[in-house]
Amino acid sequence: MPVNAVREYGRVADCETEKCGGENAGRWRLPRSFTLLWSGSAASQFGRMGVAIANPLLALSLTGSPVFAGWVTAASTFPSLLLHLPAGVLVDRFDRRLVMMTCQFARLLIALLLIVSLYLTENPLLLIPAAAGDGVFSALYDLAEVTAIRQVVPDDQLPDAMGKNEARSHIALLLGRPLGGLLYDAGRLFPYAANAFFSLISLITLSFVRIPVPETEAWHGGTMLQEFRDGLARLWHDHFLRQILIVCAITNFAFQTIFLLLIVQAERRIGSATMIGVLFTASGLGGALGALATPRILRRALHGAESTRVVLVCVWGWSAMTTIVVVFDHPLVGLAAWGGISFIGAHLNVALAIYRAKAVPEKLMAKVTGVSGFVTRGAVPLGALVAGYLVSNLDTRHAALTVALATLGVSLWTTWQWHGGRSGLARRRPVAGLARWASELRAERVLPGRPRQRRSVLAADAAEDTAAPSGLDASVARTADPEAAPMT
């Protein structure tokens, strides 16, 4: 069975299960499988965020060392970094639902083993392998989930689905971190018990999700190495994905210092783990508000080359937020700015997710996502390690100043890339997928009773701008793939 037929079969089944009641009803109600997938992922992230606030607090409590706290934070992301490269190929080769359930079962076991180990001994070194294992399976789960969304959600509902996914992540931050702080104050093992409970809830929810499984011959076009090379080539030859990859890698690296110095400031000036958790909800609140506002803002903002303004506004907004952290050097103001960073980042995340879903062929989706995740998430553990030494050797104001200068440099570089001395072709190509989506939405609004025109905006751009750059394979350069419709 062809891949497209498998995808359409899954969508029809969902619509019949929910009794969608027609085409218009389906536009407003997301498929049942997506709702179940969203719920299971929400439970997983809820527990994960509680542990994220408990890990550095417990590390600081047991050792008193910001450097060790940085090592624990790095352990939760560094092993998963190594997994991202082969994971994209593996996810494309197996049942995504089975992959996600396996990951949740493994996370449940890790949480239970850590609880028993910490109860028997308070050896802080136990935090490193536990954080590493949880990070590995969380990363694999996230990659399988991102690629599964496209199989259960119709193209015209992708913006709403991606917006809800981004909002879910920040709502988990909003609620999970204060819960983690509250549970940590009640007992240092309670956040890990909650993580085990939510992993079990997610495992049960995922058992009811229906994700169509593509036939093997439709997806395996060569060796794993060749498939990885295809994904890497597709990512590198896409101007928008390549530029955003660089921006996100640098900012992900730099923002780890902001996160750690805010924890250190809060512990010194506030003390209560519960209050620290509550204050760190600023990140979740800002991100959730940004994700909820993003679909409407993108519908208004995306008009051909002008859509590059979304990216430029994001990077300059980050620069302004990091400057606020430097100027005030206070945890309350810094956490408010941290919320602003999340609000801004949500817009870039949703725009990037929509672009990938529309422009990247389904057979390359996991591979492209895996390679980009390797680069952007790989910056996190490195940034966490550097942050530990930076905060230990500098005062918080000078550490924040280092981040502000790095962010300013990214803003200037991004502005030059898309507005300084580049041709109109280079400025238009990055957002072709987003521009096409915006064009379709406007066509729907003008002609609500007629079938949607599938003509690609990129096709019009290509007609105006002649051929792709030399050396680009035609199958790679064509972002308007027949099968096709971000960040921190």
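Cβ coordinates are placed from backbone N, Cα and C, and glycine is handled just like the others.
Feature transmembrane segment, per TrEMBL, maps to range 398-419 of the set 112-133, 398-419. Only sequence-distant pairs (6 or more apart) were considered; of these, at least three Cβ pairs between the transmembrane segment (334-354) and the transmembrane segment (244-264) are under 8 A, so the stretches are in contact. In terms of C-beta pairs under 8 Å, the stretch of 189-209, 310-328, 374-392 lying closest in packing to the transmembrane segment (398-419) is 310-328. Within the chain, the transmembrane segment (68-91) has long-range Cβ neighbours (under 8 A, six or more residues past its boundaries) at 52, 55-56, 59-60, 99, 124, 127-129, 131-136, 138-140, 143-144, 147, 224, 227-228, 231, 256, 260, 263, 366-371, 373-374, 377-378, 380-382, 384-385, 387-389.
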